[in-house]
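A.B. asks: Okay, so Swiss-Prot annotates it like this:
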- 25-45: transmembrane segment (TRANSMEM)
- 347-367: transmembrane segment (TRANSMEM)
- 369-389: transmembrane segment (TRANSMEM)
- 396-416: transmembrane segment (TRANSMEM)
- 440-460: transmembrane segment (TRANSMEM)
- 472-492: transmembrane segment (TRANSMEM)
- 537-557: transmembrane segment (TRANSMEM)
- 869-889: transmembrane segment (TRANSMEM)
- 890-910: transmembrane segment (TRANSMEM)
- 911-931: transmembrane segment (TRANSMEM)
- 968-988: transmembrane segment (TRANSMEM)
- 998-1018: transmembrane segment (TRANSMEM)
Amino acid sequence: MQVLPPGSTGGPSRLFILRPVATTLLMAAMLLAGIIGYRFLPVAALPEVDYPTIQVVTLYPGASPDVMTSAVTAPLERQFGQMSGLKQMSSQSSGGASVVTLQFQLTLPLDVAEQEVQAAINAATNLLPSDLPNPPIYSKVNPADPPIMTLAVTSNAVPMTQVEGMVETRVAQKISQVSGVGLVTLAGGQRPAVRVKLNAQAIAALGLTSETIRTAITGANVNSAKGSLDGPERAVTLSANDQMQSADEYRRLIIAYKNGAPVRLGDVATVEQGAENSWLGAWANKAPAIVMNVQRQPGANIIATADSIRQMLPQLTESLPKSVKVTVLSDRTTNIRASVRDTQFELMLAIALVVMIIYLFLRNIPATIIPGVAVPLSLIGTFAVMVFLDFSINNLTLMALTIATGFVVDDAIVVIENISRYIEKGEKPLAAALKGAGEIGFTIISLTFSLIAVLIPLLFMGDIVGRLFREFAVTLAVAILISAVVSLTLTPMMCARMLSQQSLRKQNRFSRACERLFDRVIASYGRGLAKVLNHPWLTLSVAFATLLLSVMLWIVIPKGFFPVQDNGIIQGTLQAPQSSSYASMAQRQHQVAERILQDPAVQSLTTFVGVDGANPTLNSARLQINLKSLDERDDRVQQVISRLQTAVATIPGVALYLQPTQDLTIDTQVSRTQYQFTLRATTLDALSHWAPKLLNALQSLPQLSEVSSDWQDRGLAAWVNVDRDSASRLGISMADVDNALYNAFGQRLISTIYTQANQYRVVLEHNTANKPGLAALETIRLTGNDGGTIPLSAIASIKQRFTPLSINHLDQFPVTTFSFNVPEGYSLGDAVQAILNTERTLALPADITTQFQGSTLAFQAALGNTVWLIVAAVVAMYIVLGVLYESFIHPITILSTLPTAGVGALLALMIAGSELDIIAIIGIILLIGIVKKNAIMMIDFALAAEREQGMYPRDAIFQACLLRFRPILMTTLAALLGALPLMLSTGVGAELRRPLGIAMVGGLLVSQILTLFTTPVIYLLFDRLSLYVKSRFPRHKEEA
């Protein structure tokens, strides 16, 4: 047994140094736990930060936006408005469709929200129209969240109506049962139905009306209970042929007798097998298709959900005819996996670069192996804690681990360097390990807890940004904490067993050259430091100038919210004149599709026209453009968007709005562009007055581009003005008028056909082919008192006027949303400020309110909290350092290094043309924790020299700077190289990672140069200040 020299206690490391087997087994257990934990970690693009969101859709075919608002949306909103935990309620009421989107507080569980929504729908049932075809349907999905998967179902042989029937029952229902799927929608509107198109002239000639025929059809097709017979011995169930299943059966239906002869439905109408809604259509690459969009539930694991769907697809498609093809057009998980793979590669590259730096400085394989073991062990051990906390492998947690490679190696470097120094002086490895580890233990603890203190404010950030970065902060903190444990246990134990004087002194030509280079660098630094200490006020002026410069740069740098990602999918809205019909929109989308599919970067395209829960108005179309992978195309998504908009711009009568899909979705409605701003009023009249004025003002701002509004009040409407007195005299009620109009022009669902697998509808309408437009109203006839038919024109006049195409509400008040993008050369911060200035210039009345929405609102909140976040990080670190050093002064000396990091980060971002967004701000906060390490290592050794060797402060800090120069340079370069792969990232999701790397590399480069000189000067300044205070207050000195 070795005899240990006095004082070689080893501190907290002693037990682990003296018991190598136990230490090895403990570390092996941690490694095994991490490996097992990694296998259970789900993969995602970002941490799950979705607001609990529920969408309620109510369809009422034929109803105008006014009717949908007053009869359907308003009663539902009144009930929903009473729910607790509701954050925001928005609605869209358009022709035949009402969509209410409910966004709840982040803290409310989605299941609880679902129960409240169901209760509210039940309470509103008696307030809704009695002839609603279906009750309101809710789904746990955010409509603004892009589909996780889009599938196109096409066939050259089978009609689309039959295809939808098969897909709905055999495919869509099964996919909707997959865990994590929130909603499966079939875009295309080809749901099978029997369509009855009345011939107005024929029914008028026979003295019939549409209401008579509707009543006859409804009475002829029933499916109700009939009872049973219960005899002494047998029970018999009653059944009848009360159901009609095919168009041919309806065609033969007798609807009346005239002069003793039967009048069959086929005599007065065209009866055919068709689609339930003839004003809906979808296309995949210009071919008619049923487009299946799969959306996930908020909080669901997107990778696991997509994998489950892909596994069951082969089995589901086998149940379809061979002529029916199912094609996966887009799968968001493809890019998510690619992004995660790229980040994992950057993590491995960062580890390799860090180990290379260690070898370059230590030039010794055993000494390089020790931290080379500590880095992966600390990172892998973090996985075990991540599983326990329900985290995932995503871009942010992997970024945290990549950055952590530079952090976790710092502790090991500091320990190894200190132990090596004693071994080189001639002490035995075990004694050197105990002495070096004991001496450096407090420094390791100071470094660790002061760095974790910087991350604490991130945990208390509010709303969605705080939830987003919680996994990042905790993952990084856990890795740093494990690193400290490894550095105080495994690292000194390995040093005691693997290092020796012979191994450390063994040098080759490369080692000797590096040693001479380092010696010259240290000598040059020593000469420069001596000059700086002789001219302290000049150095202090530089330090003060960096503080002022950092404030100035903070003010002028362009500010953004979240990097715009290239995920390979573009969402689009095609806008046409407000009076556009379905047929004209279908033709326009074909022209647009032709241009888009010619672009070399486009892989596939889906388009949708018509009004349903996803598309609010008939004059708009939805597009999803799927791009080729980044490896197969030369341009990024923004360049592709510009090229597509240029190609479509020459098509008359259309405006195309495009935006790339993002992993982070905060909005609750699909918008035309990236950012939204709302104008809310108490009445529609006030909204119609101010909306055009604000739109014109916003369109004139250079800070905004592609400004548009969803306020559309120039749709054409036929106003039927009934003379109530004349109608009453003839025995015609307003209900008769509404029914006649609904029967003719509402695609009215009048009956249900029940099959073994599904239910289909019978649709009633007038055949308007011979009399299109307003002329079709001349064919409407009603039944009078005497049983005769009376034309509508006898009791009503028809006028054409303008009407809103949709009526939108925000928290029950009328609202319009302005969508905009930010042109090149401006930032989101510039755009927000310009909008606020315009609002003040217009002097809006008190009953008109404005508000940013979605990511713009989150940007405002984040921008307001950023300064406080940085202040909180600095204060938290000051408190921790003050407690550790038992001093009010020394923490200030350490924190004086921070402005240099801010200057470097902000300058680097501006040079790179990057905005100061949330990711970059996180990088600056991390820099606060990194750059103070230099000061801590200097001050720790200076204080120890003053205390133990009785050195003067100037000599102590000068010696500490020279002694710690090499570990300071090593740790800074390790942190810099850990961030370098992020800065140089070019793969999928690089937009998300690059700002963090740029901020950290820039901050580290500038701070490394400046703090080596400013910290000693500031240390001596505060030392003199402390002596001055003690001289002025002798009592304090005596107490000391």
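Heads up, the Cβ atoms here are built off N, Cα and C, so glycines get one too.
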A.B. asks: Quick check: do the transmembrane segment (968-988) and the transmembrane segment (869-889) share at least 3 Cβ pairs under 8 Å, counting only pairs 6+ apart in sequence?
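C.D. replies: Stretch pair does not touch.
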A.B. asks: Restricting to CB pairs under 8 Å, which listed stretch, 369-389, 396-416, 440-460, 911-931, is in contact most with the transmembrane segment (998-1018)?
C.D. replies: 911-931
A.B. asks: Do any residues of this chain, six or more beyond the ends of the transmembrane segment (890-910), have a C-beta under 8 angstroms from a C-beta of it, and if so which?
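C.D. replies: The answer is 450, 543, 546-547, 549-550, 553-554, 557, 874, 877-878, 881-882, 916, 920, 923-924, 927-928, 930-932, 934-936, 939, 943, 995, 998-1007, 1010-1011, 1014-1015, 1018-1019, 1022.
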A.B. asks: So if I exclude everything within five residues of the ends of the transmembrane segment (869-889), which remaining residues of that chain have a CB under 8 angstroms from its CBs? That is, six or more out.
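C.D. replies: Same-chain residues near the transmembrane segment (869-889) but 6 or more away: 442, 445-446, 449-450, 453-458, 460-461, 895, 898, 921, 924-925, 928-929, 932, 936, 1022, 1025-1026.
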A.B. asks: For the transmembrane segment (25-45) and the transmembrane segment (440-460), decide whether they are in contact, meaning at least 3 CB pairs lie under 8 A, counting pairs 6 or more apart in sequence.
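C.D. replies: Answer no: the transmembrane segment (25-45) and the transmembrane segment (440-460) share fewer than 3 Cβ pairs below 8 Å.
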A.B. asks: Can you tell me which of 369-389, 440-460, 911-931 gets the most C-beta pairs within less than 8 Å of the transmembrane segment (472-492)?
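C.D. replies: Between the candidates 369-389, 440-460, 911-931, the best contact partner of the transmembrane segment (472-492) is 369-389.
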A.B. asks: Count, for each of 369-389, 440-460, 911-931, the Cβ pairs lying under 8 Å from the transmembrane segment (396-416), and report the range with the highest count.
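C.D. replies: Comparing 369-389, 440-460, 911-931 against the transmembrane segment (396-416), the winner is 369-389.
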A.B. asks: In terms of Cβ proximity under 8 Å, which residues at least six beyond the ends of the transmembrane segment (911-931) contact it?
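C.D. replies: Answer is 403, 406-407, 450-451, 453-455, 457-458, 465, 468-469, 472, 476, 554, 557-563, 827-828, 862, 866, 869-870, 873-874, 877, 897-898, 900-902, 904-905, 972, 975, 979, 992-1000, 1002-1004, 1007, 1011.
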A.B. asks: Do any residues, 6 or more residues outside the transmembrane segment (440-460), come within under 8 Å Cβ-to-Cβ of it, and if so which ones?
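C.D. replies: Hits for the transmembrane segment (440-460): 11-13, 407, 410-411, 414-415, 418, 466, 469-470, 472-474, 476-477, 480-481, 483-484, 487-488, 869, 872-873, 876-877, 879-881, 884-885, 894, 922, 925-926, 928-930, 932-933, 936-937, 940.
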